[in-house]
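Engineer: Sharing a structure with you now.
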Amino acid sequence: MAEAVAPVGATLAQSAAPESAPSSPVIAERRLAGFAVALAGTFATGITAQLLGVGIADVGGRLSLSTVEASWLRVVYPAGLVFMLPLASPLSRALGPRHYLALLAALFAAACLASAVEGNFSTAVSARLLHGLSAGGFSIVAFGLAFRAFAGRSPWPGLAWVAFVGTAPAMLALPAAAWLDGGAVWPWVFLATAIAAIAIGAVALSVFPAEGFDRRHITGLDWFGYAALAIGLAAMLLGFGQADRFFWTDAAWVGGLLLIGSVALAAFLIIETVHPTPLVEIGLMASGGFGVALAVNLLWRLPLVEPTVLVPGALATFTGLRPNQVATVFAPIVMLHVLLYPLTAHVAKWLDPRAMCATALMLLAAGTALDAAVTSTWGLPEFRASQLIAFTTVPIVATSLLLVATGDVSPTQGASAGVLWNAAANLGGTVAGTLTATFLRLRTDLHQSAILENVNAAAATASQAFGGLAVSGGTAHGHLAGLIVGRAHLQASALAYQDAFRLLALVGLSVAPLVMLARRPGFIR
């Protein structure tokens, strides 16, 4: 009789280590080594993507891309990532961990090497697509192995590093940008990451034994569910990623992508509820621990915009500094940020991680509120207090929230939890960034109109003088009018950033109590 095919939701580690010998030291070492490889791959792909986001202008200039073309490099990466998320577990079981991790490393190396050479728009998009595919695979493997690598013990060390590789790249990209100055350095960055990818693949090949291809895990896959999930998430990410740049539904294709994404995701939920072997265990979304934490994981991406988007944007607007110059405000607190991930997980063995997460979210909101006093004269020193709070609280939120989410997740549910968790993080981050950009644009236009109206209404005499200048000296009039408009725009930008900081602080305070609705994790002593 033919052997039954294992559930699609099983993790990579199940194929790497049979359950019949859970205590084998060789298997345990392979699990830990595989976990380390997956962590390295997740971090390398993540930090490269974030660095590209910081230096998108330099990369686009090097390839002679227009602003619109360069913007597509940002959104193609997460679209590629979500195409791999649901396939990671079945592919890892079909190929075996040795070949699967090596394949992911090869995809990443190919993307980096293609980016290191002179190319065009098509080459750059293809490279970012390969980059996203490798990132999606590594992240699911790391999530699943966090449970198996620490079988029989508390998984908190593994989960702490999963939180680190999932969140830290967004926080560390700006400090790392201090070493990136101009387009000439980027080929060397991509070459270095390609070498790192090759090293990751070599380690994977040396750690795991060779296995044959088992196509049962592919033929038994819920392909309709996969197509609905991948197309839905990709359409939503592409639509939201470009929505503000193309003024939302003013571009028909943006509205079309959002509609396609909504319909496809609804179809996915229907398919998964009736399919005998679902692609993802969507029942996790209704659980008292993971379901609540998943909602918070989606919502807290808005407060996370403050240190990753708003503060760098404000510094660039008001000081004219390049990203590598802005990075100096963050560099002194990077080490503290890195250490807080494992420290938070360790403390959570005694303290309730729900309370830790809620407290950190409120502190992050308080730091964001400090920035609400921003003016057009602010520079690096004025933002240091809020960024110290952000770099301290973000690791606590990310780690404690993941501990809350996985408190009732079994090892066999690891891959499904990883798909849902990473999908929420990527979708939430994209939507948060777009909503923030739209809010800033609209509020800036509104404040600028109000300022100019007040200037015109309160300075009738000045207006008459401008008219006289227009007759006697048009150049002087044009220069003065341009100066007034420029100063009005700068002041309007400061007011818009004040509004944005206040709004994000309010969102952070609103999200914090939701964490306490989650079920208390059972590993707390």
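Cβ coordinates come from backbone N, Cα and C, glycine included.
Quick paste of what TrEMBL says about this protein:
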type     : residues : note
TRANSMEM : 32-52    : transmembrane segment
TRANSMEM : 72-88    : transmembrane segment
TRANSMEM : 100-117  : transmembrane segment
TRANSMEM : 129-147  : transmembrane segment
TRANSMEM : 159-180  : transmembrane segment
TRANSMEM : 186-208  : transmembrane segment
TRANSMEM : 220-240  : transmembrane segment
TRANSMEM : 278-300  : transmembrane segment
TRANSMEM : 325-343  : transmembrane segment
TRANSMEM : 355-376  : transmembrane segment
TRANSMEM : 388-407  : transmembrane segment
TRANSMEM : 500-518  : transmembrane segment
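How about a rundown of where these features are and what they're close to?
Structural biologist: Sequence-distant contacts of the transmembrane segment (72-88), counting only residues of its own chain at least 6 positions beyond either end whose CB sits under 8 Å from a CB of the stretch, comprise 12, 49, 52-53, 56, 59-60, 65, 121, 124-125, 128-137, 139-141, 225-226, 229-230, 233-234, 237-238, 241-242, 279-280, 415, 418-419, 422-423, 426, 430.
Nonlocal intrachain contacts for the transmembrane segment (129-147), taken as residues 6+ away from its ends with a CB within less than 8 angstroms of a stretch CB, comprise 11-13, 31, 34-35, 38-39, 41-42, 45-46, 48-49, 76-85, 87-89, 91-92, 97, 100-101, 103-105, 107-108, 110-112, 114, 155, 158-159, 161-162, 165-166, 197, 406, 409-411, 414-415, 417-419, 421-422.
Through the fold, the transmembrane segment (159-180) approaches residues 39, 42-43, 46-47, 49-51, 53-55, 58, 139, 142-143, 146, 186, 189, 304, 307-308, 312, 323-324, 326-328, 330-331, 334, 337-338, 341-342, 344-346, 390-391, 394-395, 398-399, 401-403, 406, 422, 425, 429 of its own chain, all at least 6 residues removed from its boundaries and within a Cβ separation under 8 Å.
Away from its own ends, the transmembrane segment (220-240) comes close to residues 5, 8, 75, 78-79, 82-83, 85-87, 90, 254-258, 260-265, 267-268, 271-272, 275, 277-280, 423, 426-427, 430-431, 434 of its chain (Cβ-Cβ under 8 Å, at least six residues beyond either end).
Listed by sequence, the residues of this chain that lie at least six past the ends of the transmembrane segment (355-376) yet keep a Cβ under 8 A from its Cβ atoms are 296, 300, 303, 306, 310-311, 314, 318, 344, 347-348, 382-383, 385-390, 392-394, 396-397, 400-401, 404, 490-491, 493-494, 497-498, 501-502, 504-509, 511-513, 515-516.
Same-chain residues lying 6 or more positions outside the transmembrane segment (388-407) and placing a CB less than 8 Å from one of its CB atoms are 146-147, 155-156, 159-160, 162-164, 166-168, 171, 289-290, 292-294, 296-297, 300, 304, 306-307, 311, 330, 333-334, 336-338, 340-341, 344-345, 348, 353-354, 356-357, 359-361, 363-364, 366-368, 370, 417, 421, 515, 518-523.
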Engineer: Report the listed stretch (32-52, 100-117, 186-208, 500-518) having the maximum count of Cβ pairs within less than 8 Å of the transmembrane segment (278-300).
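Structural biologist: Between the stretches 32-52, 100-117, 186-208, 500-518, 500-518 has the largest tally.
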